[in-house]
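For reference, the structure is listed below as structure tokens.
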Amino acid sequence: MAMIDAVDRYLGSDPGGERVRTATNGAIAVLAAIGASALLDANFHMFEVTASAPGAGVINHVARLLVLILGASVALTASFVVGERTVRARAVTSLIACLGMWAGLSLAIAVHPHRLVGLVLLVVVPAVGAWFRRYGARAFATGFPIHVGYLIGFLAGRQISRGQLGWPGAVIGVSGAATFIAGLALLPGHAHATARMQRSYRARARRVLTATGALMDAPVHTPADHRLARRLRRLVVRLNETALVLDTQLAAAPADDNDTAAKDRRRSLFEHERAVVTLARLAQRHAHRQLSREARADARAVVTAARELDLAALEKVACRFQRYQPADSVPRSGSREDGGICVVSAAGGAGEITERYHEAARALVSAISSTDANPHVQQEPRPAVHLVGGWLPGSGIVNAIASSKQGTARVDRISLTVSTRVSLQLAIALGLAVFFGDLLSPSHLLWAVVSVYVTFLGSASDREQLRKSVFRVLGTLVGVVAGDGLARLTGTQPVASMAVVIVAAFLMSYFGRINYALVVGAATLGVAQFYSQAGELTSALLATRVEETALGAACAIVVGLAVLPLRTTHAAQVGLAGYLRALAQVLDGLLAPDSPTAGHSARTDTRVLDASFHAATATIRPLVRTLLATANRRCPETLRLVDLSHELGRTIVHDSSVLAHRGNDLTELAGITHRAASAARAVADNLDGQEAGPPAPSAATALEPARPERQTPVTGSLRSELEDIEGVLTELALMRGLAIPGVAVAAHEQGRPRPGWVAGPSRPAGRADAPVGQRATATPVLSQDPATATVSGALRCPLHPDGCDARITVVTDRGKRWTQARAENGLYQITGLPPGGYTLIASASQHTPHAEFLLVNQVGREISHDIAFDPAP
């Protein structure tokens, strides 16, 4: 199973097979460029000497290898810089790349007699090229080839004289033409990229639904059940990534403004993904097990019909679900959380579950048939998600924003563009690498230079640069061992050696966005083949490559951490703030048509939320676990809260769609929705270093009606989800030490250090603990576990003197959520609390969330602790 998960991790990250196509195109281009350059050399013998010269055989063999390396370098460089989809644009970029490469090579040959000047230019050329990246793709297509050409010229300065500069230009031109033609062979396929992505989406949706059905059929709380739940969660994330890319491709497709076909496809995609994800979430929560046998069979039938795209079966099941709906409103169902997964309680939960299954079936029917498309729907912004090179940008855009934005820490107060910051770091790191690399091995210092350059290429934050440097050393070690073994097998056979080089080129391109260590390992395979064919492959040479690579990595690490570092923590704060603002935008659009998001649909806001979620998690994830496998205790909890809030946000969108189709009035939820959105913005402002002011006046909050005695199950569920998301945001605020607007904190808690920093002071032994000013009595009632304590008490709600219902979240002194309980009729009980400090966060209708600190230093007893609410403003 571990092997299956590993394969799924690599193959599953390539929706539409675009990475396979790109890697295949790159390998074919390398083969074509090598063939064209070999054919040119066979006819003109460009750098060879006469046969009568001493050592002519070895010199001419090395010269032929040099021509092949130059041709292969042209193809690899083109695969990095040429990405346009039109023939003319590709031709212009290819020409710019070839001219830049020839210019860099000519510069290296010209200064080769002056070694000191050549070493200085090893620093200047790549640093200036990195700075020019700020001017866009064409600037990168100029600077990067100049750097590659200079490296080749620095390496081949002995074989090429100034009078022979025309021949390298000819090789570059012929190889560039061969690469361009090879690219044209696959260019027509770009027109079908959207169709391939649609097929990939359908295949991934089938996989999600298959896993959903298997989870519904599996026994509960077994190893197989947990394994299927983890796999299903990963498949849902992959499906969402594919949907984001496909939605952007559909939005960017040229179409007439009056043509609603593209808008209908985007709407159908959103509806289908929302329904499939809902079915997966319900299976993860084992919600179907609370239904009757007949309703459970219909729920399973929905999953089967959705997997088979059986429209008739979906329509029949949707009709059958109608009979499970209550004739009138039913009491609101409670909910509880078990192990971090929301589980609907039995009381009234069946009605909520059937409504969700019915809405999922209805959405699937709508998406598959596209019968309810509205031709007058307002046109969506194009596109809602920005791609980089056809892929989700990951942390790239967030790093760019964070670099040009001042942070709260002292080291983050220097704001620079990413290109300026990286070029300065690169210049200093290259200077160190050139100096120490020349001392270690003057003839192989380029390995240290390349190690530094690729570390800063595509990574901006300090933790990313650290990981990339370490991965380069690990990849080199693996590549040295594998390359030496393959070189001994291939020997001097050119065909076998060529096959290894082509496979290495494919692997370098394919693993470029997956695992950098594998990219370096593949590159080392090609280097080993070159030295094997040149007759210079020795154990000492391979050891020198490892040493030079480690030296370059060390220089990159030191400079990345000490010179103008872009801290990953700062980037993560910027990414998290952007995600929270997107979440607030979704909440604003739920009930406030006159909000700043007017003109956007729920689909657009949800797509922006998804994109912000993926960007935020991409920046937070490097902080979760270090290279030494030590974990930052707050980062995993933050990542868990972000993931939970994203899931709740998507569920809220789904449930609001259920009620929108039924015409329900959601005015009663305006208050809690506004509080949750205000909380999200307050935390986002705090992360950005802005002072969180008071919340904007909200008449909806002041006029929030009382919770109805009887309401539809989904309305109650939506309220519960809004309370949950408000609780999650409150936990994030407490982790930041922030009293967010709209969240009440007990008076005795003002100024007390928040969980995650300092625990509360200890109390004298012999009495139960409670906050100052609150009733606390010790009773001889033993808790369920003699090593833990039980806390129970009453809720004092000014608007409900007879008692109110509330949700109580318990957060440890390290900022981690310990458990969650439901208070009913004004009473609550929490069991199993080990000694330590806790924050109790209580949320109730018509009241602002209330937070209090509780210190437990006696176990085996029951602590009586009442919670008093303040009325909502």
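FYI, residue positions are counted from 1 along the chain as it appears here.
Positions of Cβ are set from backbone N, Cα and C atoms, glycine also.
In TrEMBL this protein carries:
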DOMAIN    432-559  domain 'Integral membrane bound transporter'
REGION    687-718  region 'Disordered'
REGION    751-770  region 'Disordered'
TRANSMEM  20-42  transmembrane segment
TRANSMEM  62-82  transmembrane segment
TRANSMEM  89-110  transmembrane segment
TRANSMEM  116-132  transmembrane segment
TRANSMEM  139-160  transmembrane segment
TRANSMEM  166-187  transmembrane segment
TRANSMEM  495-511  transmembrane segment
TRANSMEM  516-534  transmembrane segment
Exercise for review: Just give the helix, strand and coil counts over the domain 'Integral membrane bound transporter' (432-559), going by DSSP.
Suggested key: 112 helix, 1 strand, 15 coil
Exercise for review: Could you pull out which residues elsewhere in the chain have a CB under 8 Å from any CB of the transmembrane segment (62-82), counting only those six or more residues past its ends?
Suggested key: 22, 25-26, 29-30, 32-34, 36-38, 40-41, 46-49, 90, 93-94, 97-98, 101, 137, 140-141, 144-145, 148, 152, 156, 159-160, 168, 171-172, 174-176, 178-180, 182-183, 501, 505, 508-509, 530, 533-534
Revision key, fill the gap. Sequence-distant residues near the transmembrane segment (20-42) by C-beta distance (under 8 Å, 6 or more away from its ends) are 14, 63-64, 67-68, 70-72, 74-76, 78-79, 170-171, 174-179, 181-183, 185-186, 189, 498, 501-503, 505-510
Study note, to complete from the structure: Among 89-110, 139-160, 166-187, the most Cβ pairs under 8 Å with the transmembrane segment (116-132) come from 139-160
**Study point:** Residue numbers, six or more beyond the limits of the transmembrane segment (139-160), whose CB comes under 8 Å of its CB atoms
**Key:** 47, 62-63, 66, 69-70, 73, 77, 80-82, 93, 96-98, 100-109, 112, 118, 121-122, 125-126, 128-130, 132-133, 167-168, 172, 446, 449-450, 453
Practice item. Could you tell me what the rest of the chain brings near the transmembrane segment (166-187), counting residues at least six beyond its ends with Cβ under 8 Å? Key: 21, 24-25, 28-29, 32-33, 35-37, 40-41, 44, 46-47, 67, 70-72, 74-75, 78, 82, 85, 87, 90-91, 94-95, 97-98, 101-102, 105-106, 149, 153, 160
